[in-house]
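A.B. asks: According to TrEMBL, the record shows the following:
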- ARG204: active site, involved in ionization of N3 of dUMP, leading to its activation (ACT_SITE)
- SER62, GLU107, HIS199: FAD binding site (BINDING)
- GLU107, VAL108, SER109, GLY110, ARG111, ARG177, ARG204: dUMP binding site (BINDING)
Amino acid sequence: MTKELIGTAIEVDDGKVTLSDFMGSDLSVVNAARVSFGKRKTEMDEKDVKLIKYLAAHKHMSPFRHVVFTFTLEGVSEVVCRQLYKHQVGCAYTSGEFKEAATTWNEVSGRYVEFDPEFHIPSEFRKQHKSNKQASQEGELVESNDEARAIYMNAIEHGFSSYKKLLELGVCKEQARMIMPISFKNALVWTASLEATVHFIKLRDHEGAQLEIRNLARAIKKLIDPICPHSIEALLNSEK
């Protein structure tokens, strides 16, 4: 697969996600699976597509971990970032003394730098879902959208103003950041295997997921689809 895809970006709400790098393709999955028999191929054929489907259907996931993606997220709210961090399947995670199979990310740290007054501002405020306690009712908006926006903006302005005042008083950044509104925009780099990425897409591009994280999942799928379409389709279908 051509490396021309590196650097491709898709807007997500008022931020963006970029495919910063990747390693592997559908062929990498096939060769990882066939190495047990001492075989290696240079081109895909229909037998390889069937093999990928078999691996996914029977939950033989290790071959899918040999394809890796690195994404850069910019201008994405911390609300979305925190949901992304929860996904710990199928990648390498290293943080200090902890090393285990999960996901890898690095983000802007509020201990090192002062946050800028940049926040995700919804253009529309959705109603609570009628039956799902953790979801919104997509397409159904509150009647007083302007009032909701005013309250939202006031809270953000007050929170950031208080954050700045604490810093001016000499309070350390690691404590002052505790009162930052969670809608502040963050930047991070996320590296995940094919298995982990598709697992994220499967769980987050779902009607029960928050709309903002669904938008991110759809954008990521669009970025990686040209790289390993057979594997993505097989993994998504196997988990239905």
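Cβ atoms are placed via backbone N, Cα and C, with glycine included.
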A.B. asks: I'm trying to understand the geometry here, so how far is the Cα atom of VAL108 (dUMP binding site) from the Cα atom of HIS199 (FAD binding site), in Å to the nearest whole number?
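C.D. replies: Roughly 25 Å, rounded to the nearest whole number.
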A.B. asks: If you count Cβ atoms within 10 Å of the Cβ of ARG111 (dUMP binding site), leaving out that atom itself, what do you get?
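C.D. replies: Step by step: centre on the Cβ of ARG111 (dUMP binding site), count other Cβ atoms within 10 Å, giving 9.
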A.B. asks: Taking the Cβ of GLU107 (FAD binding site) as the reference point, list residues of the same chain whose Cβ is under 8 angstroms away and which are at least six residues distant in sequence.
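C.D. replies: For GLU107 (FAD binding site), the qualifying residues are CYS81, ASN186, ALA187, LEU188, VAL189.
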A.B. asks: When you look at GLU107, VAL108, SER109, GLY110, ARG111, ARG177, ARG204, which the record names as binding dUMP, what is the longest CA to CA distance in angstrom?
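C.D. replies: It comes out at 29 Å between the most distant Cα atoms.
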A.B. asks: Which one is it: of the recorded positions SER62, HIS199, ARG204, whose Cα lies the shortest distance from the Cα of GLY110 (dUMP binding site)?
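C.D. replies: Ranked by Cα distance from GLY110 (dUMP binding site), first place goes to ARG204.
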A.B. asks: Among the binding-site residues ARG177, HIS199, whose Cβ has the fewest other Cβ atoms within 10 Å?
C.D. replies: ARG177
A.B. asks: Work out how many Å separate HIS199 (FAD binding site) and SER109 (dUMP binding site) at their Cα atoms, rounded off.
C.D. replies: 27
A.B. asks: If H, G and I count as helix, E and B as strand, and all else as coil, what does DSSP give for HIS199 (FAD binding site)?
C.D. replies: helix
A.B. asks: What does DSSP assign ARG204 (active site, involved in ionization of N3 of dUMP, leading to its activation), in three states?
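C.D. replies: In the DSSP reduction, ARG204 (active site, involved in ionization of N3 of dUMP, leading to its activation) maps to helix.
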A.B. asks: Can you check which residue among the binding-site residues SER62, SER109, GLY110 has the largest number of Cβ atoms within 10 Å of its own?
C.D. replies: GLY110
A.B. asks: With DSSP assignments reduced to helix, strand and coil, which class does GLU107 (FAD binding site) get?
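C.D. replies: DSSP call for GLU107 (FAD binding site): strand.
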A.B. asks: List every residue in the same chain as ARG204 (active site, involved in ionization of N3 of dUMP, leading to its activation), at least 6 positions away in sequence, whose Cβ is under 8 Å from its Cβ.
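C.D. replies: Looking at Cβ-Cβ distances below 8 Å from ARG204 (active site, involved in ionization of N3 of dUMP, leading to its activation), excluding near sequence neighbours, one finds GLN83, ILE213, ARG214, LEU216, ALA217.
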